[in-house]
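Pulled from Swiss-Prot:
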BINDING   13-19, 41-43, Arg306, 332-334, 415-417  GTP binding site
BINDING   Asp14, Glu15, Gly16, Lys17, Asn39, Ala40, Gly41, His42, Thr130, Arg144, Gln225, Thr240, Arg304  IMP binding site
BINDING   Asp14, Gly41  Mg(2+) binding site
ACT_SITE  Asp14  active site, proton acceptor
ACT_SITE  His42  active site, proton donor
BINDING   Ala300, Thr301, Thr302, Gly303, Arg304, Lys305, Arg306  substrate binding site
Amino acid sequence: MAKNVVVLGTQWGDEGKGKVVDLLTDKATYVVRYQGGHNAGHTLVIDGEKTVLHLIPSGILRENVTCVIGNGVVLSPEALLKESAMLEERGVPVKERLRISEACPLILPFHVELDLAREKARGDKPIGTTGRGIGPAYEDKVSRRGLRVGDLFNPTDFAVKLKEVLEYHNFMLTNYYKVEPVSYEKTLADALAVADILKAMVVDVTDVLDRARKRGDEIMFEGAQGTLLDIDHGTYPYVTSSNTTVGGVATGAGFGPLHLDYVLGIVKAYTTRVGSGPFPTELGCDVGQHLGIKGHEFGATTGRKRRTGWFDAVAMKRAVQINSITGFCLTKLDVLDGLETLSICTGYKHADGTVKDVPPMAADDYELITPVYEEMPGWSENSFGVTEYDNLPQAAKNYIKRLEELTGVPIDIISTGPDRNETIVLRHPFEV
């Protein structure tokens, strides 16, 4: 029987979702993005060749897959064309494989300028956005003044709507942030220039996916960022502007939640975070540097150095609660090779001395907690590139088993390297 599978991050993003999606798409007919924008960075390594995608779903490299960008994604025409050109230069027929919802909010130049101006105005307390206009575009959507892909197909009305929203934002840019206004004429011309290109890819996403489900096609939903960056459930306000959790599938792709069969949570064997915000298990010592260097922990989108820390089972419990995770994919296990001792956070100690196994909701509350650790022996053997579970070091197996016990969820896939072939699949999400 056909399966509909969600693949999402369970930490602060950068868990390795791109590789896993690419690995699993050999059995998928559709791969769907349902939230975020080109602030995501999904890195694929296939036969040693590296590809970084920010907006287009990771399944685009598969001939058998139709990729879909749902209404929950904020779409930058400029970013889409740039990414499409990069792929087409490598022989990938993007226009044949990609479909887009006409309800996608557009990211336009003034959104980018607002994003940059706001981060600068925050001084030494930035949110840590990518500066790509994601948040301002979602704000316009919620405020019901945003322009959508479908608006481009009526140039006269689009010009009027653009003038109104640009006057509003230019007032803020010039009077409050004291920066230059964005040109109406150039913004209009650039936007309308891509209208026909986008129109050729526009479909009714909800209807397409529903028909696919009824035909028995396999559908995969590809999340961006991670659970702990969710606008509602993350470490607010140090979060992204969309719902990165499983609920985003229903709202961002118009796909009924009762039709989802399996939720695969991608989780690193340790923890990383880019930008500002709480990070209870963060390491400022040599071990943290080791994880960062060996794990190549630099953001695929911004190039920023990622903060590193131990595995946080408390945060993962929340991710399991929110997402109804069926199974985990544990990534970057090989980065732990050579460490004598490993630590796992099993609780948060509060100021009153109590220890809780669930995280607080607000970022400020994290300042009052101390992580409680459980130590485990590390391993000196090499796990890099291992493709059979029995060939893993025994201490690595013990570590995996303990993570399963603490989260209450089985680890169905283990990634031991960046290439799609450097993987141990214990249970395939499309086959369970």
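Including glycine, each Cβ sits where the backbone N, Cα and C put it.
In the three-state DSSP classification, Lys19 (GTP binding site) falls within a helix. Here the candidates are the binding-site residues Gly16, Lys19, Leu333, Thr416, and by Cα distance the one nearest Thr130 (IMP binding site) turns out to be Gly16. Of the listed binding-site residues, namely Gly13, Gly16, Gly41, Gly303, the sparsest Cβ surroundings within 10 Å are found at Gly303. Checking the binding-site residues (Thr43, Lys305, Leu333) against Asp14 (IMP binding site) with a 10 Å Cα-Cα cut-off leaves Thr43. The secondary structure of Lys305 (substrate binding site), as reduced to three states from DSSP, is extended strand. Leu333 (GTP binding site) falls within a helix when secondary structure is assigned with DSSP. Inclusion criterion for the binding-site residues Asn39, Gly41, Gln225, Gly303, Arg304, Lys305: a C-alpha placed within 10 angstroms of the C-alpha of Gly13 (GTP binding site); this criterion is met by Gly41, Gln225. Comparing Gln225 (IMP binding site) with Gly16 (GTP binding site), their Cα atoms are 10 Å apart once rounded.
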